[in-house]
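TrEMBL annotations:
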type	residues	note
TRANSMEM	6-28	transmembrane segment
DOMAIN	17-257	domain 'G-protein coupled receptors family 1 profile'
TRANSMEM	35-63	transmembrane segment
TRANSMEM	69-90	transmembrane segment
TRANSMEM	111-135	transmembrane segment
TRANSMEM	155-174	transmembrane segment
TRANSMEM	206-225	transmembrane segment
TRANSMEM	237-259	transmembrane segment
Amino acid sequence: NPWDVMLCVSGTAIACENALVVAIICYSPALRTPMFVLVGSLATADLLAGLGLILNFVFQYVIRSETVSLLTVGFLVASFAASVSSLLAITVDRYLSLYNALTYYSERTVLCIHTMLAGAWGVSLCLGLLPVLGWNCLHDRAACSVVRPLTKSNVTLLSASFFLIFLIMLHLYIEICKIVCRHAHQIALQQHFLTASHYVATKKGVSTLAIILGTFGASWLPFAIYCVVGDPDYPSVYTYATLLPATYNSMINPIIYAYRNQEIQRSMWVLFCGCFQAKVSFRSRSPSDV
């Protein structure tokens with residue numbers, strides 16, 4: 001099936017991209033701040049999702065087993081759920097860095113971030129275990145969804161969770177835009193005018209947030225909607241055509257959240273070129289700068 005081949009190729013690209021991000025964050029002691037812990041969580045989730053796509057291809061064509069199929073599907077569900085949850089955690093962190101700027105660099109923030117990540121991975125693991133623990137349609141084909149062997153109620157739960165996360169992210173990014181515009185207005189009042197650099201920075205910040213949310217929505221919304229309205233009797237090409245763009249989100253995440261960051265770029269040079277001498281020290285940036 002060429003669609004399965006494309007999913008496997010997509011998984012390979014996802015795994016390679018995110019493995020590099022995880023290696024850079026683990027290799028560089030300077031990247032141990034809460035912000036990069038969240039980026040590392042996202043990269044780890046996407047790395048596991050890429051590996052899951054590869055394993056799904058291998059087990060589908062090499063080792064045919066219903067048990068292995070359930071394990072692979074559960075692994076993919078948990079990985080992609082952790083990826084989406086990590087994106088939500090990054091959004092919350094960005095909002096807190098602007099809303100509580102004075103108290104952001106405190107131990108309370110670190111505890112909050114670790115709690116968010118523990119909750120995100122815990123919920124994702126539970127969602128991944130549901131098919132393995134019996135919530136599947138292996139023995140009841142009528143209960144199957146557009147994604148076998150997940151049941152209709154299972155994919156409805158997953159889609160509802162995604163819609164909720166998307167709405168929360170949309171609300172938080174709107175609040176972030178309001179805070180950014182309010183800061184720009186305060187600067188303008190202090191300086192009696194809004195300089196060109198401040199206007200460009202504000203416009204760039206709002207555009208970046210729009211690109212982030214737009215990319216996330218364009219990747220996942222078609223698949224989430226089709227899981228709700230689709231019927232298992234429909235041609236499987238519809239499922240593949242909506243699932244493949246969803247995997248692209250895990251391919252784009254490292255570019256948006258990692259490779260554009262100056263500290264990660266420096267660490268990448270150090271990782272691949274030991275002779276690199278950085279005369280400029282690492283600057284701890286807030287999540288709103290990433």
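Backbone N, Cα and C define each Cβ position, glycine as well.
Unlike curated records, TrEMBL annotations are generated automatically.
Between the transmembrane segment (237-259) and the transmembrane segment (111-135), fewer than three CB pairs separated by 6 or more residues in sequence fall under 8 Å, so the two stretches do not touch. Taking every listed stretch (6-28, 35-63, 111-135, 206-225) in turn, the largest tally of C-beta pairs under 8 A with the transmembrane segment (155-174) is reached by 206-225. Distant neighbours of the transmembrane segment (6-28): 36, 39-40, 43-44, 46-47, 49-54, 56-57, 240, 243-244, 247-248, 250-251, 253-255, 258-259, 263-264, 267-268, 270-271; these residues of the same chain sit at least 6 beyond its ends, with a Cβ under 8 Å from one of its Cβ atoms. In this model, the domain 'G-protein coupled receptors family 1 profile' (17-257) carries an average pLDDT of 85.
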